[in-house]
């Protein structure tokens, strides 16, 4: 890896674009290989002052104007370029693509609108529990450059990939998982087609010897993928429900489907059904992903703050048999809420609490389609704290209160983790 970076930056003017977790990781990597003409940083926000005077730091609203002043730009995920990448004279690259160029043959890449963190974490856990030499990184919060010193020729790398990491990808993992494609990130991409195109790069650059484990509802178009396509089904699993395996904390048919992807991949590594089920039983549900927080005053509480799509909120309600109160709403990113609006009146929910900007959108849609009797269950409450107070006071004993917002957290919270932490605090758990 370092040799590839060294050759890329030798005698070049290098810019680290974005100085968050991944940007700092890229800075460390480039600094360690040396040989560059200069190494500078550009970020919309102020950067810590512990950098030496030999590194120029460009901040502020016009930080993207400097790209063509450099030869090589390491772009961090999530930064929106004002022009198409082909209109820049510099080479714009990222950790994901450089990593896959070197280690693609050893890598299992996982993407999808929903479920990628649970699926990738579960895959890593089972491979590790079954004695494989395996590493984990990527969108889960571990910059992929940070694990390179631990990689050996037989190491398996589980790489969680977001749309931002795949946006300009030219290389691909030898084993790719595509879980699903729904509406999301429209504030970044503008159209769902552009967003899906970024995701599809996980298989577009695969070769004939590679494998794509794919949701049958989102198969590549003819000629779009050279890899062998494996259509994953929940029926592939050696069990029918999680209840058959004592100790399993995962819930819902959506997680059963995610587990089927993991199972189909693990079969390629000669993991037996017995070992697979034993490892599955020791996996702990990730925080904020339909996480059971506990019981208080005979009411169950679930934190699904990761939910930013209507599909994830629908899955959450279906997964919890005693779902009684649902908290919805956050930043409105222009997605289509109609499937959720159609779904809610078909449920046994006693209370639907709508919040923030997207909550207003959902409320107006419900007013035009739902019956007056159903609308008695619908409450608009502006913020999470007051919504939690209402839920605690009004939820029936024996039911569950679920935070599954179907909306992004930004604009109110730092991230979905903070939103989930506040939910836990506000309900008193």
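Glycine too: its Cβ is placed from the backbone N, Cα and C atoms.
The feature domain 'Mur ligase central' is assigned by TrEMBL to 110-217. The ATP binding site annotation in TrEMBL covers 112, 113, 114, 115, 116, 117, 118.
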What are the non-local neighbours of residue 113 (ATP binding site), defined as same-chain residues 6+ apart in sequence with CB under 8 A from its CB?
179, 180, 181, 182, 183, 184, 199, 309, 311
Mean per-residue pLDDT computed across the domain 'Mur ligase central' (110-217):
96
I'd like the number of other C-beta atoms within 10 A of the C-beta of residue 114 (ATP binding site), please.
22
With Cβ-Cβ distance below 8 Å and at least 6 positions apart along the chain, what are the contacts of residue 117 (ATP binding site)? List them in sequence order.
139, 140, 160, 286, 289, 306
Let's see if you can do this one: DSSP helix, strand and coil counts over the domain 'Mur ligase central' (110-217), in that order.
44 helix, 21 strand, 43 coil
Please report the number of other Cβ atoms within 10 Å of the Cβ of residue 116 (ATP binding site).
23
Which residues of the same chain, at least 6 positions away in sequence, have a Cβ lying under 8 Å from the Cβ of residue 112 (ATP binding site)?
119, 177, 178, 179, 180, 181, 199, 215
